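The structure appears below as structure tokens.
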Amino acid sequence: MTSPQERVIRPGFEARAPRTPDEFAAAWKNSSAYTKLQQEIEEYKQEFPINGPEAEQFRQIKRAVQAKNQRLKSPYTLSYGQQTSLCVWRGFKRLISDPTLTLSMLFGNFFMGLIVGSVFYNLDQSTGSFYQRGALVFMACLSNAFASALEILTLYAQRPIVEKHNRYALYHPSAEAVASMLCDLPYKVLNAIVYNLTLYFMTNLRREAGAFFYFLLMTFLVTLCMSMIFRTIGSASRTLSQAMVPSSILILALVTFTGFIIQIDYMLDWCRWINYINPLAYAFESLMVNEFHDRKFECNVFVPAYPDADPINRVCSTVGSVQGEPMVDGDAYINMSFKYYHAHKWRNIGIVIAFTIFFLITYMAFAEFVSAKKSKGEVLVFRKGHKLSGGNGNDAESSPAGRVAITEKEGYGEGQPSNFQSTSVFHWNNVCYDVKIKSENRRILDNVAGWVKPGTMTALMGVSGAGKTTLLDCLADRTSMGVISGDILVDDELRDASFQRKTGYVQQQDLHLSTTTVREALNFSALMRQPTHIPTKEKLAYVDEVIKMLDMQDYSEAVVGILGEGLNVEQRKRLTIGVELAAKPPVLLFVDEPTSGLDSQTSWAILDLLEKLARSGQAILCTIHQPSAILFQRFDRLLFLASGGKTVYFGDIGDHSRSMIDYFEKKGADPCSPDANPAEWMLEVIGAAPGSETELNWPQIWRDSPEHAAVQEHLKELSHHHIEKDSDPSSYDEFAADFKTQLVQVTRRVFEQYWRTPSYIYSKAALCVLVSLFVGFVFYNAPNTTLGLQNQMFAIFQILTVFGQMVQQTMPHFVIQRDLYEVRERPSKTYGWQVFILSQIIVEIPWNTLMAALMYFCWYYPIGLYRNAEPTDAVAERGALMFLLLLAFMIFTCTFTDFVIAGCGSAETGGNIANLLFMMCLIFCGVLAPPSSLPRFWIFMYRVSPFTYLVSAILSTAVANTNAECAPNEYIQFPPPSGKTCEEYMDPYMSKAGGYLTDPNNTSECTYCTIGDTNLFLASVQSDYGDRWRNFGLMWVYIIFNIFGALALYWLVRVPKNKKGKKQKKE
């Protein structure tokens, strides 16, 4: 009655019957049933008044079942402690049942600890290890801090379940938050021990028990603190995209203002406050104090480095040295370099604990009161410039054509011309399917036979596990394992390479790209799967017929969207069918469980549609699970399978299912009562229904029956049913469209997906702009001093950290496209896997070009790197090269992302692997660990790392060929020998080492700067300005390698290979 397409008005009531929602409501209010309902409501109110004795009784019952001390008005039965306890119990059960992710993360961190430990292996006790010790402590601090960064993803994975349980008043979301923290504690403790124990003793950090346990305590507290911070960000935001950009900026800010990359003296006034609120800054200070306090280090570089120089006339080149002393005090070094003090060591422990407690409270508060973004309900979303005509397309009572259209619906009826006519007969005989499970072969299908003819609808039924979907997959040539034997023929020919694209396969799950419109999805299928000799105009005109056939005119321009904000369940199922029809399958249409999960009205509408297609000449083979009697009656023929994939019946269903019922009753089944559902009765007969059993061997009865003999006889006739072959050789190709058409159409669709997902583009742009501006202004106008040049190098290092977040943003989009391709489009031979990979790469290039331009302007100019090119009048050339290098970095990032995710099952796994490889590239690029200090074993990684060449090219382009000078605290002062000027004393040394004297003629105090031009600094980090274009070219070699690597890895891991075990035979 509520469906305009299904209700039928009784003759004579055309003028009186309600048609619109308002008319139905008015008719109800004027009815006697409505009056009676109102009377019953009033009687109920008088019998059970509000706040009457029954209400008090209900409150007493509620109090009796509630936990002790629980508030009466609380909707929760258990106390907060009991809720937390149960959530902890559940959390540990989940961890024990699936420890894969936890163990993989633990192993990954251990592996990273081994790598970092080996890079800084056995540091010596000299001043030459000062920078490396600082870098090592910095990396240890970051590794422990950001081990919890992926907890944001875990939080959002669990959030829908937690909020659903909260609506059921099972527990407070904050109780689950506390429980999740407690469940993570064992992993965090074990990770801290495994990682830090490996790292600490491999690198020869301070070998004292107190120092080690302090190191272990502080790094563990840092892990807890950062875990609370990441959880706070995740719970405070309503979508994952909202959480990713703030977390990226937060990570960058914390890393930058830890105190290692940019020292306190070099922090600009406007951003100094970030250091004060940075828990990592306090942790890093304490760990540096823990390492250097009360220790003396032997100087390994003196100025001047004359072998016979008097100790009084030389000084150690390290900050904190004392004239004439061969040892350097660790406290003096960290005080003069970082402004760190031993008195802060235990104070900082308290500060980190305070940060942890504060963010624990904020996390619990946000978890309790901030909910995820809610669905907007069933609302159709239309492409810009299009809108729904006639109301809400998800409202069954709306109609674009008013009252008449409700009962007068256009459609394909009998006798109308149709383009849906199948021409071939599909038949199979003695089909068996064997799968090897462990060491034994198991038969899933056992000598199944049947056929599907044009204009008929055949139901494929069976008990659960009988192999219905398996048979459908075998017939459709979609299995990737096991051995298939038997005859599977189209007319009198075996299936060829083009079979899959010549059949339609409507899968049970309605998988579509959420950003495409209904018409675009159908156009794509038609353009890609119909033969190339058909003109494009004719293909698109055929799509219009499909839309009309499926009654999708009202929402043909609607975006697919997601459930609740896009097409509803029935509309999605219609689109799934439409995508297969748009391919114009000449053989048949496979349909898998079309009514699964649908209500009765929607199931009826889908079966109505399939029946309409059959009447139009389409051959349909449809699996269905326990249909109602009225739905079952709509099929022409039935293939029924018992357990083990054995046939129980194949034949006509007949009027009111009489043909099928007569067969079973004739073979000894109990009579079927007139009011019984024939489908359920049939299950009871063979003993497959719950509580039923039978002594008859129905599969054997079928094999011995004359009906089976008649089927075999007819199959012999069909095997000689010959039709004229298509003379066009291309009709037998695996794909209908050529490679160029595939690439153009698929790339266009991916472009549309990106364009219609502005949140992805905006978040990518926001990430690049904000990170670039942040780094640019933190290192604003960095001077060309010793530490200033080092800061410029770290500014380059910092800009590369966008890699990790770019990977996290890009991989989910790849996975969405891949799921659609592998589940639906690859089996149907819509396009090739090479096209899929290349389209993903091509679409990213223009967007990453835009991001490179944004990064260039927001980063290059604030730092003032262009000023270094002014002395040589190379501003234009070096500025252009800098943009090209940033462009190469962005394209490398996207191609590397595709390379990694091509072989991974999920974005989370791919992200973990990509970040691990990224960290290795950063470690070995020469910034944190200079190549001269690397162990011999790791030199190959320095040469293999793409960032080695990228950082060298960017750094040399940024700072080469200009003057440098020392800051006041960077000068080295010492007296010259008696009777010599500073120039006379230092000239032999400076001729080799470089640098300059502030007063060459001074005879009492020499003030020396170790660096006189930026090229000396470049030489110290093994970077050469002359290699800049070579390094730029090498980046493109890495990019090309990534592209071919993505293609090779996808083929190796995810492309089904030749099915050697599959057999087809023709008698």
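Placed from the backbone N, Cα and C atoms, the Cβ positions cover glycine too.
If you look up TrEMBL, you'll see 100-123, 135-157, 211-231, 243-262, 346-366, 761-782, 794-811, 831-859, 880-901, 913-930, 937-960, 1033-1053 marked as transmembrane segment. According to TrEMBL, the feature domain 'ABC transporter' maps to 426-668.
Beyond its flanks by at least six residues, the transmembrane segment (794-811) meets 244, 248, 251-252, 255-256, 261-262, 760, 763-764, 767-768, 771-772, 775-776, 778-779, 782, 844, 855, 859, 863, 889-890, 893-894, 896-897, 900-901, 907, 910-911, 914-915, 918, 922, 927-928, 947, 950-951, 954-955, 958 of its own chain at Cβ-Cβ distances under 8 Å. Here the transmembrane segment (100-123) sits against the transmembrane segment (913-930); at least 3 CB pairs are under 8 Å, leaving out pairs fewer than 6 apart in sequence.
The stretches the transmembrane segment (135-157) and the transmembrane segment (913-930) meet in space: the count of Cβ pairs below 8 angstroms, excluding pairs fewer than 6 apart in sequence, reaches at least three.
The highest tally of CB pairs under 8 A with the transmembrane segment (831-859), across 243-262, 880-901, 1033-1053, is held by 880-901.
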